[in-house]
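Listed in TrEMBL for this protein:
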type	residues	note
COMPBIAS	469-481	compositional bias 'Polar residues'
COMPBIAS	482-502	compositional bias 'Basic and acidic residues'
DOMAIN	17-411	domain 'Ammonium transporter AmtB-like'
REGION	469-502	region 'Disordered'
TRANSMEM	17-38	transmembrane segment
TRANSMEM	50-73	transmembrane segment
TRANSMEM	109-129	transmembrane segment
TRANSMEM	136-156	transmembrane segment
TRANSMEM	168-192	transmembrane segment
TRANSMEM	204-223	transmembrane segment
TRANSMEM	235-257	transmembrane segment
TRANSMEM	264-283	transmembrane segment
TRANSMEM	289-307	transmembrane segment
TRANSMEM	319-339	transmembrane segment
TRANSMEM	359-384	transmembrane segment
């Protein structure tokens, strides 16, 4: 079947509007992912983690316009590859009877470009705090070209061999989630563990960021799955219902297990709906809503207990990309072979194993194994040469200091530090301390009193005062407000926090 474009002036405005809206929703998912990841990392890497997603919106879309869309969906040169035929999107406002029969092909290119953007951004969660910035940017450009574009062609292209084999992937279970999950795992293995890696600890510093990111991802997934219907039609409605049903099931399942185990984790509650969404993505346009509930619940339970035993795994996938997206995508793709019904999607659907056609499971396994092997080979094939040519791993001292300062020369906490400094000055002024004394004397400290009386309390100095003074200040009232005004003529290093026994 050839990719042909035809001049068309009578576009279906409803379909075009829905596809453009879906493109905007999927694009929203990349900054949403940045917030989701940003809230889960150590505070010294917050800006860097936000940037790793943000930069994908620039690099990947430039690649997509230049030749990425043509490689994935352009006039094919074989069953495995596209071509340069649609490079720089030089087909104008024409339609394509295969990809965009009722709206401009440019809209379809825009929509698919947002998928290409978020996929490498997902990988960034596996390499937190230890990969150099320039090699990362080179990596995502090459990876999208040699890994994402061919896989998109195989699964969704007009003559893609997995599509013709019979592999079902409605919205990206293999193309997006398995590719990103496996690539994240391979990248984390090649880079090695963080210098300060502790499998039993959590470094999440800003869970409101993560909650915001989760909610925006949930909303954006409406376009991710709903837009894959390729129009404003009944399949879009089915995909949307299944999307939100799966997200809700993932959330409830996670919270119930947490509650049974004794406490409900906020960070875990944010992972639950993401797992449900990942799992239903390949199936959402082929199954009844009841099956969407089951797919999400099965996958959430499996991922929950995998994460519970993460400390036994000998790799440092910082934000669990391999487990959430890799394992979640694999389970979702496999279960898609069990529950689809031809009657649900007459155009592209088939009957699965539960409806008398078990061979569909083998088609799904073929797609899963292809995605795993191809992603692993591409990622290793890019990172090893990059490491040999320019080095991809940060120096240990840079890792410990954090990428915000070492890679970007900025720190998101500057404003907060100034606010605390201003608060201290105000409190001191209220205690009758002169402005000069407030400027020249003392350090701001945190005072920690352990609940266990057998353990010692300690103070953590936070602010250095440059000019020592012999003035003594009555600070009893300040202490009552949980501030300790230390008047020792001692300078503290801004880069070092010493715990001082009380």
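Just so you know, glycine gets a Cβ as well, placed from its N, Cα and C.
Nobody curates TrEMBL annotations by hand; they come from automatic prediction.
The structure displayed is predicted, hence computed values, not measured ones.
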Residue list, the transmembrane segment (17-38) vs rest of chain: Cβ under 8 Å, 6 or more residues beyond ends.
46, 49-50, 52-54, 56-57, 100, 103, 107-108, 110-111, 113-115, 117-118, 121-122, 124-125, 128, 206, 209-210, 212-214, 216-217, 219-224, 226-227, 230-232, 236, 270, 274, 319
Count the CB pairs under 8 A between the transmembrane segment (109-129) and each of 50-73, 136-156, 168-192, then give me the winner.
50-73
Out of 50-73, 136-156, 168-192, 264-283, 289-307, which stretch has the largest tally of CB pairs under 8 angstroms to the transmembrane segment (359-384)?
168-192
Does the transmembrane segment (289-307) come close to the transmembrane segment (168-192), meaning at least 3 CB pairs under 8 Å for residues 6 or more apart?
no
When you scan the chain for residues with a C-beta under 8 Å from the transmembrane segment (264-283), skipping those not six or more beyond its ends, what do you find?
36, 40, 168-174, 176-177, 202, 204, 207, 210-211, 213-214, 217-218, 221, 224-225, 242-243, 245-255, 258, 291-292, 295-296, 298-300, 303-304, 307, 320, 324-325, 328-329, 331-333, 335-336, 339-340
Overall pLDDT for the domain 'Ammonium transporter AmtB-like' (17-411), taken as the rounded mean
94
